[in-house]
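Scroll down for the structure; my scribbles are underneath it.
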């Protein structure tokens, strides 16, 4: 199931049940604020680092956790980062407000497409207490995986993941199996918001390529953003 709907003049795409892409949703002005906030937080305690797995392999990205720390070696959330004991910064209130607005607007989009079904049954509400901030360089990528380290209740109820894209565009794969050849692909551009929850909460997804020199000109001028993509994913533990 894939259908296009519009809300307040902006394009929304229902990719499948519980999965909505809102194109150019975040204004360039707000993107600048988000980027500058993440940059400032990333330079402090609990800021950006390159995470790795138990076997020593490093992820092809830089990461910072807000609210709670996620450890790729244990696949668990905690109050402190194991590698250095740093406490993650809190999620800025303006980020939470934008997430709430995005979910509310996604419900309005689904109401146009759901044939009378309550949108909250398709895409539940959530109150994020976790945000993973990933920065992908031009060579960055992330293999197909599921976001499944949240609580049993969160996963069972299908509480959504809300993803902000800022900077260069990226190829995003998603599907019901961990099979690149069977996955669908969409282009995530700066300002896009992707939400997946409900029956789509357990999709496999990943980033296969970053497209250089695709960052909006005004965003680049206002922030001096280095080549790459900043991705914020919000979820409730």
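Along the chain as shown, residues are numbered 1 onward.
Glycine residues also receive a Cβ, built from the backbone N, Cα and C atoms like all the rest.
Automatic prediction, not curation, is the source of TrEMBL annotations.
Feature list (source: TrEMBL):
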- 145, 147, 205: Fe cation binding site (BINDING)
- 127-237: domain 'Fe2OG dioxygenase' (DOMAIN)
* Structure fact -> DSSP says residue 147 (Fe cation binding site), in three-state terms, is coil
* Asked: Other than 145, 147, 205, which residues of the chain come within 8 Å of the Fe cation site, judged by Cβ distance to the Cβ centroid of those residues?
  -> 144, 146, 148, 203, 204, 206
* Confidence summary (mean pLDDT) of the domain 'Fe2OG dioxygenase' (127-237) -> 96
* Near residue 147 (Fe cation binding site), how many other Cβ atoms are within 10 Å of its Cβ? -> 20
* Asked: Which is it, of 145, 205: the one of these binding-site residues whose Cβ has the most other Cβ atoms within 10 Å?
  -> 205
